[in-house]
Amino acid sequence: MNGSTPFSRHLLHLNPELEVDRICRRIRELMLSQVKRRGLVVGLSGGIDSSVTAALAARALGTERVLGLEMPERHSAEESLRLSSSVAGTLGIQTVREEISDTLESVGFYRKYEDAVRQVVPEYGAGWKSKIVTSGITASATITAFSIVVQAPDGAQLKRRLPFKPYLEIVAATNFKQRIRKMLEYYHADRLHYAVAGTPNRLEYDQGFFVKLGDGAADLKPIAHLYKTQVYQVAEYLGIPEEIRRRRPTTDTYSLTQGQDEFYFSLPFDQMDLCLFGKNHAVPALEVAAALGITEQQVELVYRDIDVKRATTRYLHLPPLLVDRVEWQEE
Amino acid sequence: MRLQEEIRQFIVDTFLFGEDGGLKDDSSFLEEGIVDSTGILQLVSFLQDRYLISIEDAELIPDNLDSIGKVSAFVRNKRGTFDFEQEAAQALVPEPA
């Protein structure tokens, strides 16, 4: 960052045409030099990240070399399929639909999930919906606590803090979704001799917001260097349908709609982007606070939370660790 | 076992594979990477179950939970005049979950 440039949202503006050309060139280079597969599979969620990843893959390799996979289950948002079909149609890529509810049922996901929720809400059962939310960190210097929000069939909601055991059991069960989806992506990649493109943006990649061997698994991750606001800029340039560009980012993982900033990030993504950028470029918290209209103390808390998340999710990025180096491996 | 020793034992057994590695009573769990945010949840569950206290969301702050000394003071404060040494003499200390 130029030291004379005042800190503002404009620092995240990029030239989408140049950036798209650069990414597409790099995708081709990586496919030719290292991946050596004939195309890319992209799991389509109807969200902005997977839409942009699919569009970049199609532009880099040709629409005929990209397969979009739609993998809904009974908790998926109703609009997800419509939006993923819309983007696939816009891009002109082939899609396959794999409904994963039966697979989730057979591994016991729904039962395991409900059993875990019932440890804190005994009446939870058929017709109920739920999601996990965090306490957030900016109201005060709190340690992150996780709560379950449940909605009864009559629409009444209640919120209970999750003790350690049910929290881990709910997350562990929910991770089946990402891992089953990834298993299917690799099935289709193998049958076509394709590779798998991962869809994390920079916030997710940096802060460990992914499931190891689930959505974290991929052969290449074309937008992992882009801040979320930059993904939106690229999306507009690539002609991603406006409804997808205007949709609030959700995890589409729980039966109640869950914003990413409810579950994982301390602030909405546009503010998190600037905090992460500020931290990466050693911008004083006071300057970031002024640009965001929040307090210096809040930015300092977010800076600290960024460090904590980097430290606690480091293992998600690690390959399997060996006791001794094996000789043929590259340094 | 005194309260502070019992909490130290829980931390060492649960998070450090039984090796205290010079863990001090004022070592910051979070800053030194001894306990992560999920570990704090485990610590809170232990404290609630072991000492029969209820810990509110507003009490989930580093000042209460970020070192052996802070946790001990917090529990002691929550339990008021409870005689931990007397209780320890009467009850078998359960293994950490």
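The backbone N, Cα and C atoms fix where each Cβ goes, glycine too.
Annotations in TrEMBL come from automatic prediction, not curation.
Under the heading domain 'NAD/GMP synthase', TrEMBL lists A:21-108, A:169-303. According to TrEMBL, the ATP binding site annotation covers A:GLY43, A:LEU44, A:SER45, A:GLY46, A:GLY47, A:ILE48, A:ASP49, A:SER50, A:THR199, A:LYS228, A:THR250. The Mg(2+) binding site annotation in TrEMBL covers A:ASP49, A:GLU204. What TrEMBL lists as deamido-NAD(+) binding site is A:ARG179, A:LYS212, A:ASP219.
Feature map: annotations from TrEMBL on the structure.
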{"residue": "A:GLY43", "record": "ATP binding site", "DSSP class": "strand"}
{"residue": "A:ASP49", "record": "ATP binding site", "DSSP class": "helix"}
{"residue": "A:ARG179", "record": "deamido-NAD(+) binding site", "DSSP class": "helix"}
{"residue": "A:THR199", "record": "ATP binding site", "DSSP class": "coil"}
{"residue": "A:GLU204", "record": "Mg(2+) binding site", "DSSP class": "helix"}
{"residue": "A:LYS212", "record": "deamido-NAD(+) binding site", "DSSP class": "coil"}
{"residue": "A:ASP219", "record": "deamido-NAD(+) binding site", "DSSP class": "coil"}
{"residue": "A:THR250", "record": "ATP binding site", "DSSP class": "strand"}
Handout entry: Candidate with sparsest Cβ neighbourhood (10 Å radius) among A:GLU204, A:ASP219, the listed binding-site residues
Key = A:ASP219
Completion exercise
Neighbouring CB atoms within 10 angstroms of the CB of A:ARG179 (deamido-NAD(+) binding site), all protein chains considered, total 17
Fill in the blank from the handout: Check: min Cα-Cα distance from A:ARG179 (deamido-NAD(+) binding site) over binding-site residues A:GLY43, A:SER45, A:GLY47, A:THR199, A:GLU204 goes to A:GLY43
Problem - Residue counts (helix, strand, coil, in that order) that DSSP gives for the domain 'NAD/GMP synthase' (A:21-108) - result: 52 helix, 14 strand, 22 coil
Problem - Fewest other C-beta atoms within 10 angstroms, as judged across A:GLY43, A:GLY47, which are the binding-site residues - result: A:GLY47
Problem - Fewest other Cβ within 10 angstroms of its own Cβ, chosen from the binding-site residues A:SER45, A:THR199, A:THR250 - result: A:THR250
Exercise for the section: Please report how many Å separate the Cα atom of A:LYS212 (deamido-NAD(+) binding site) from that of A:THR250 (ATP binding site), as a whole number. Expected result: 19
Practice task
Kindly report the helix/strand/coil residue split of the domain 'NAD/GMP synthase' (A:169-303) according to DSSP, in that order.
Solution key: 78 helix, 6 strand, 51 coil
Handout entry: Residues satisfying Cβ distance under 8 Å from A:ASP49 (ATP binding site), sequence separation of at least 6
Key = A:THR199, A:PRO200, A:ASN201, A:GLU204, A:ILE223, A:VAL231
Practice task
Express the distance between the Cα positions of A:GLY47 (ATP binding site) and A:ASP219 (deamido-NAD(+) binding site) as a whole number of Å.
Solution key: 20
Completion exercise
A:LYS212 (deamido-NAD(+) binding site), Cβ-centred 10 Å count of other Cβ atoms over all protein chains shown, is 16
Fill in the blank from the handout: Averaging the pLDDT values of the domain 'NAD/GMP synthase' (A:169-303) gives 92
